[in-house]
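Enquirer: Here's the feature list from TrEMBL:
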type	residues	note
DOMAIN	1-204	domain 'CNNM transmembrane'
DOMAIN	283-341	domain 'CBS'
TRANSMEM	61-82	transmembrane segment
TRANSMEM	89-114	transmembrane segment
């Protein structure tokens with residue numbers, strides 16, 4: 001009978017551990033979709049997540065109580081079971097003490113592995129499935145011990161609110177629900193659903209979807225290859241730069257040095273205020289070219305350009321050779337659509 005009770009208590013502890021970890025790691029959006037689809041246990045799990053600071057004390061209470069009861073029952077039972085063999089091998093009066101120590105060790109290891117580590121790993125690896133499976137028993141226990149849990153929660157909240165100047169400065173405020181952070185996939189689904197409902201125009205919906213995908217697209221997808229890039233010689237004068245800009249309809253040009261390496265870039269605005277129109281630009285007039293790898297995400301490329309205060313980036317391959325160029329406008333157009341060149 002004791003063995004059956006110990007097994008049930010260990011399983012109960014495993015359920016509480018699984019509930020604690022699954023409810024804190026499950027993706028809120030996936031749980032909401034499962035509830036909308038009518039999946040078994042999803043609605044109860046969603047209700048538990050919405051009152052997480054009420055459910056977690058219930059799980060912790062269950063873990064504590066089951067662990068204590070297992071310790072009370074298992075240690076003497078195992079000690080009695082082990083005492084005979086230990087006496088038989090000649091330990092004599094020491095057999096009782098050794099059996100007690102071994103009983104504590106064995107019960108602790110079994111509880112840790114079966115009742116805690118295994119369900120924890122299961123809950124972390126499959127949070128949605130586990131949350132749906134254990135939310136019912138978990139909510140039942142918290143409902144049964146609701147007044148006691150609310151008292152514990154209230155005591156903890158009062159402690160947090162009154163815990164010194166530091167927490168007041170940090171504006172720590174107890175809450176009943178964990179803040180939800182939306183992933184790119186969840187935001188894309190919201191945009192799609194909003195567009196399908198007619199609340200967004202097709203153009204706006206497409207623009208928002210493009211913006212959500214900006215961070216994952218590599219800059220190599222939008223670069224202008226080196227052979228297609230219009231460059232100017234390092235000895236170019238303002239008058240020649242103006243003619244080149246007028247013919248090409250562009251405003252920024254990489255400046256090639258004597259060996260063909262890019263030294264920087266010039267902007268059409270650099271021609272303003274120059275008295276000698278036929279004198280080459282001094283090297284100090286060149287703007288630095290930001291360098292990024294071909295697999296750099298577009299949002300990281302934009303961040304690098306802004307940090308450098310530049311508008312032109314050289315895109316390098318794995319070997320370090322420049323494969324092409326991209327401007328800040330190129331990156332921004334992926335987000336907001338074509339813009340006029342300035």
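We count from 1, first residue shown onward.
Any Cβ shown, glycine's included, is placed from N, Cα and C.
Show me how these features fit into the structure around them.
Expert: Distant neighbours of the transmembrane segment (61-82): 2-3, 5-6, 9-10, 12-13, 15-17, 20, 96, 98-100, 102-104, 106-108, 110-111, 115-116, 138, 141, 145, 148-149, 152; these residues of the same chain sit at least 6 beyond its ends, with a Cβ under 8 Å from one of its Cβ atoms.
Using a Cβ-Cβ cut-off under 8 Å and counting only residues 6 or more beyond its ends in the same chain, the transmembrane segment (89-114) has close neighbours at 10, 13-14, 67, 70-71, 74-83.
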